[in-house]
Amino acid sequence: MEDLVVELGERSYPIIIKKGLINEVNLEIQKVFKGKKIFILTDKNVGSHYGDRIKSCLIKSGYDVKLMELEPGEETKAFSTLPLIYNELLDFKITRSDLIITLGGGVIGDLGGFAASTFLRGVDFVQIPTSLLAQVDSSVGGKVAVDLERGKNLVGSFYHPKLVLIDPNVLETLSERFFRDGMAEVIKYGCIKDKEFFYFLKSLKNKEEVMNNIEKIIHKCCFIKKCVVENDEKDTGERMLLNFGHTLGHAIETYYNFKKFTHGEAVAIGMYEISKIAENKGLTDQGVSEEIREILVQYNLPYEVEIDDSSEVLDTIALDKKNIDNVLKVVLLRNIGESYLEKTNVEFFS
């Protein structure tokens, strides 16, 4: 599979997608890092599969390596986790000439990337995403953040990695639920940018067929995202389209205190619900929400939810970063593969 490059001038970086890459991390790191110390941040689940393997191969290449394992789950991506990471970095005497590796899913990538961006005003880092969601979405584009009690990603920055290493083989150790979680983001790309890709995903009959095409799928998603990021790095226009389903999805995650739905499951619900609302308002072609519902059902993803206190959800939506001066930009579809921004307000969802 051809390597991709996110073209951002001096901050450009490659995305390498290759089966078996997890066993060649040291070779790729040597191409971008000439220092001595490497700090690996992971969680206990991922660490049990790949932590010692990667640490050992880096040590054999002459690096001084420290591995830190955190508890898995969204609760770890909290502001309060940062001092724990900073203290480990200080104990290891990491300097700005050293390297941080984030080995894990979106939580570790976001959390570790934000720690890298803020420690000593910035330490280089490399993303090694191990979940499908992180491989197709969160590892690319330089958005790093932590959560606050009142919402997701409320403290963050734009800080790009030096390199993204994607090994589709690591998905074999991913649970079925989190594989489906990632497929929600895959489906999103078809919804917003590529009708042909959407129907290709619909044509796949089962997980075996998906896995037989997984490199192609990951490559397509990363290609779409890298093109969008190159055109709108700081999320002021086109890049907002990548948030299709996320405004409502983030609110649903927060409403259930990040315990009932995974990120992808919440986004799946958000994509269907906002399309249904938009159809009723004449802003989306009729039948689009049904197409989305069908593909979500096909991939065993939820598409609707009962909310007892809608005011709480609306309060969370009001905190969305796309809500500026009480003008909320929501991402809608005209049709499958054709997305746009609609200026409205929080009442759009009521």
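Even glycines carry a Cβ here, placed using N, Cα and C.
According to Swiss-Prot, the protein carries these features:
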- Gly106, Val107, Ile108, Gly109, Asp110, Thr130, Ser131, Lys143, Lys152: NAD(+) binding site (BINDING)
- Glu185, His246, His263: Zn(2+) binding site (BINDING)
Using Cα positions only, nearest of the binding-site residues to Gly106 (NAD(+) binding site) (Glu185, His246, His263): His263
C-beta crowding around Lys152 (NAD(+) binding site), within 10 angstroms: 24
For Asp110 (NAD(+) binding site), the one of Glu185, His246, His263 that lies nearest, given that the binding-site residues are compared by Cα: His263
Winner by Cβ contact number (other Cβ atoms within 10 Å) across the binding-site residues His246, His263: His263
Length of the line joining the Cα atoms of Ile108 (NAD(+) binding site) and His263 (Zn(2+) binding site), in Å: 14
Local backbone state of His246 (Zn(2+) binding site), from DSSP in three classes: helix
Ser131 (NAD(+) binding site) and Glu185 (Zn(2+) binding site), distance between Cα atoms, whole Å: 12
Secondary structure at Ser131 (NAD(+) binding site), reduced by DSSP to three states: coil
Cβ-Cβ neighbours of Ser131 (NAD(+) binding site) (radius 10 Å): 28
Maximum Cα-Cα separation (Å), residues Gly106, Val107, Ile108, Gly109, Asp110, Thr130, Ser131, Lys143, Lys152 listed as binding NAD(+): 21
Packing count at Gly106 (NAD(+) binding site) (other Cβ atoms within 10 Å of its Cβ): 24
Lys152 (NAD(+) binding site) - helix vs strand vs coil (DSSP): strand
